[in-house]
Structure formats: C-alpha cells, structure tokens
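S.K.: This is the structure I want to talk about, given as structure tokens.
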Amino acid sequence: MRFQNLWPSKVARKPLVKPVLIALAALFLFCLPLNQIPLVFSGVQHPATALTLLLAVTIVCFGVWEAARQGRFSHTTMTGWLALSTSFALIPSFYLHADWHSAAWQGFSVLLSLLLFCTLQQFSFNHLQRQYLLWLPLLSGWLLAIPLLLPNISEISSSSLPDFKSNSDVLGIVLLTSLMLSAYLLARTKAYKRNWVPVHALLLATPLLTIPALTALKSPWLITVILVLVIFSQPFLFRFSQKRHHGLWNFAVLAGFAIAWKFGSVPHSALFAARYSAEELEVLSQAWALLGQAQFEGIGLGQLDKAQLLFGIEQNHVLPLQEMYPSWLLASLIQGGIAYWASFGVLFTLVVRKLLEAPNGTRLMLLAIILPSLIGIALTDYIETNLALGMLFVVLLYWIDNLTARYRRVLLPYPRPMKIAANTVLTATLVLVLSSIYLGEQALRTYQIRDGKLTQYQTHPWWNDFYQQVEGKRAFLESVESRDLRAQELYLRGQISRLETSPNADGYQSLIELAMLTGHKTVAKQLKDEASLLFPYRKFQPDFSELPAE
C-alpha cells in the first residue's frame, strides 16, 4: 500500500519540496559566489544579482503554490514579529526626501526577505532536507575558498581566477559560516545518516580549506573571530559529537592554521587586531556625528554620500567617499531614521529570544552559526556587496526558529487567485531578468548598438537610465558636428544636474573636460572649484592659473 493511502493529507505528497531545494542550491552554489565578482555594471544590472532576485522570487512563488495547494497558511510567532519589523523597515521607502531608485530597491529587498521566510514555513521538510538547508551554505564556502587557495597550491596565477577579494570582509562571512556549519553537521549527521564516512570526511576537510582561505584574505581581525567561534562550538561538540569526531575536527582546525602559516598568509599581530583602518575610523566617527544630527526621518535612502560630503564641508573636514561602507547597519540607521531603529531592534530581539529558547547545550553553537551574519550586518557592507547574504541570513533564521517553533495554520478561502498571481509575478520576473542579462551583455559594446535596438533599453525599467546616458551622448556628438551650441549647453546642464544627485570625483573631472571642450570655460572653473571643495584630496585638471586669460 502506498504511503499516501495511509495518510491522505495533501501535506504528505510534498511535490514542491525538491524544486525549492534545487532553487536554493542554485542560489547558494551559483549566485552567491558570482555576486562577489565585480563587473562593469553593479546593482540589479549585475547578472548574478538579477539571477539572485529571480531565484528568490521563484522560491516565493513555490511557497504561494504550496500554500494554495494545501489551502492553508502556516506561520509561527516569529512570523508576526518579523512582519512588524518589515513594516518598520518599509516606512523610509515612502519618505519624500529619499532617492526613489534606492527606496524602491530597499523596500523590495526587505519585503522579499519576509516573503522568503514565510515561504520556507509552508513546506514540511524532513530531518534530512533541513540538513540540506545547511549543507548548501557550507558548500558555497568551499566554492569561494578554492579560488583563494589555488595560487598557493598550483601554478595558476591569481590574475586568471575570479576576483573574489573585492570585499574580503564580506567574503569572510560565508567562510566563517561554512566553518561553523561543518562543526554542527559533524555532530548531527550521524543521527540521520548514521556513520557515512565520505560525509564526515567532507566535513572534516572544511576547516582545512576555509581557515587558509580566511587568512588569505589579509584581514587580521578575522583570525580573532575564528578563534572565538571555535571556542563557542566546543561545548556542543563535546556533548553531541563522537569523541573521535570532536578530536578530529579540532585537529583539522589546527592543521588549517598550520597550512596557512606554511603559505605565509597568517598576518603578524593578528590576535585582537583592529577591524578598521585609521581612514575608516574617521569615516565612522563622522557617521556617528551625522547620525546624531540626522532628522527623525533620517537623511533619506540613497542620500548618504551627498549628506556626508555636505557634513564634511560644514565641519571643514571632508573625507574620501567609501566605495564599500564600513558598516551596513550604521549606514541604514543614518538613512532610515527612527523607523530603522525600531526595525532592527525588533529583529535583534527576536534573534536573542530564539537563541535563549534553543535546547540546552545548543545555544552557543547556534550563536556561532548566526554570529558571522550578525557581524556582517554590523561591520561590513553586507548586502550592498552581495544580495545573496541576505537570503543566507533568512535561511539561518528560519532554521533556528524551526528548532523550537510551534506552527499555527490559517485556512485560505480563495487559493486560485493566489496561483494566478504567483504565475503572473514569476513570468514577469523571468522576462525582466533574462532581458536584463541580455541587455547587459549588449551594453558592453555600446558602439555596436544601433538606434533601433537602443529603444529596448528605454522600455526596460532597469536600463532606462543607461538609455538616457547613451542617447544623450550620441545627441551631444551630433551637436558637436553640427556646431549646435544650444544643444551642447543643454547636454552639459543635464549632466551637471545628474551629478548633483550622486557626486563623485571622476564625474566632476569628466564634466570639467566636457565644459572646456564646448567652450564653457567659466562653467568649467565653477565645476572645478566645487569639486575641489567636495573632494580636497583629489587634484582636478586643468590648472586655470596656467591657462591664458580670455
């Protein structure tokens, strides 16, 4: 007799569990590593970021289908509190002084995170499938560690490998999480997979790979974090792991440090090394002062660089803009104001509460698993560099909640409209993402884009700004050929207005050269004076004192 006949509930069949696990595998094993590679285009125009968005929406649609199939919505106490935290986080997206691009992206990311958490709660994962949720981040750590170690163990040069070191601190989050998951799974695997030696060998090899990779990042403060996390994991391993496995894992940690020492990648004076450089500390000090002066509603999403430059001018101490901000948490609080204070307060309170509710003997281990993500939120650029890290945090949060949560069910009276809505959203997202990747590949060769094909960029919401830049540049070149001075001046004014919304030193230098090219020497001098005020550490050309007077 088949199992479904013994238990006729629709929950028993679980037809969508495997598709969800496959989508999560693609998210962690494909998109997460690729998000670390910098390309010409960033943000949602980055193909890995766009695919991350597509996979997250796909998983959410799977959750909607599952809830509609069962005719009920499953939730826990944590779901309601996370919804409250999300509501607070959405408020700054509606402020009038926020940049609408940043506001839309931030609001959508926050809402998608909540929906992903709710989606995972709709599925009845068995023990083995819940373990797979942890195996995926662990294996993503392997994929990130191998390119870091290949130059040391082979003749392959680092220039021929992907540049994963563009933000080494963010990369360290994944490697630290992978290291701690290997300890947890080593103690728990025997309960579900008995004594499968290949699995244990893979888990024991993880410290041999991740620790040398962490030291290769040349971030000394990570060494202290490694030691703290290893100490946190010891009580759990002592209580739940076989003594042989416990000893072998500790030996693998020591061997990992020995390998790193052999490669010469262990920094000197690494223990208790400072996280930030002197320049970053100055930026953070100014950020704290700006936080104290920020309005009740914050400075507005997407306005951080502009506000920090103006604040530096007021204080007669302008600092260089940080390509990767030292603290995503601090940057969010400055921009979002009291709403973000409330949102993060609820979130961190939930994390602490769930850790305290965890079974005896597991609290420190669970803290060690989620601590790298919390460190990433507070001390790195976090999801501004890699959107998939937000998904990792959501999965870990769901997994910790699932250890002690009691589920409640709410009946859904109209499941069919939910399926139609999910199908529509998934189709629209698929078309949007695939077309964006295609347009991004074409945009690398702008000189080959014909005027007819350029209209495709105009209709795509993610590439409309790119269209305006290319179209404006082509119109400007035509005005230079026809000597249309009015058109040249209009283009120059438009570029100045665009730069005011997002000031940067390279943009000012380009506009100064453009103004000189079009004969607007007075405008060029004004731009140079303004640029020198905003970016005193940068020397702008030309030197007007050496030019002949008009």
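Using N, Cα and C of the backbone, Cβ positions are placed for all residues, glycine too.
So TrEMBL has the following annotated:
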- 46-68: transmembrane segment (TRANSMEM)
- 80-97: transmembrane segment (TRANSMEM)
- 103-120: transmembrane segment (TRANSMEM)
- 132-150: transmembrane segment (TRANSMEM)
- 170-187: transmembrane segment (TRANSMEM)
- 196-215: transmembrane segment (TRANSMEM)
- 221-240: transmembrane segment (TRANSMEM)
- 247-264: transmembrane segment (TRANSMEM)
- 328-352: transmembrane segment (TRANSMEM)
- 364-383: transmembrane segment (TRANSMEM)
- 420-440: transmembrane segment (TRANSMEM)
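Walk me through the surroundings of each of these features.
M.R.: A Cβ distance under 8 Å defines the sequence-distant neighbours of the transmembrane segment (46-68), meaning residues of its chain 6+ beyond its ends; these are 16, 19-20, 23-24, 26-27, 30-32, 34-35, 37, 39, 74, 112, 115-116, 118-120, 122-123, 387-388, 391, 412, 415-416, 418-419, 421-423, 425-426, 429-430, 433, 436-437, 440, 462.
The list of residues near the transmembrane segment (80-97) in space but at least 6 beyond its ends in sequence, with Cβ under 8 angstroms from a Cβ of it, reads 103-104, 106-107, 110-111, 113-114, 117, 297-301, 303, 335-337, 339-340, 342-344, 346-347, 350.
Residues 32, 36, 131, 134-135, 137-142, 144-145, 164, 200, 203-204, 206-207, 210-211, 213-214, 217, 219, 222, 225-226, 229, 233, 236-237, 240-241, 245-246, 249, 324, 365, 368-369, 371-373, 375-376, 380-382, 385-386, 389, 392, 396 of the same chain lie 6 or more positions beyond the ends of the transmembrane segment (170-187) yet place their CB under 8 Å from a CB of it.
Tertiary neighbourhood of the transmembrane segment (247-264): same-chain residues 152, 182-183, 186, 203-212, 214-216, 230, 237, 241, selected by CB-CB distance under 8 Å and a gap of 6+ residues from either end.
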S.K.: For the transmembrane segment (196-215), what are the same-chain contacts with Cβ under 8 Å, counting residues 6+ beyond its ends?
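M.R.: Same-chain contacts beyond the flanks: 138, 141-142, 144-146, 148-149, 152, 172, 175-176, 178-179, 181-182, 185-186, 189, 222-223, 226, 245, 248-249, 252-253, 255-257, 259-260, 263, 265-267.
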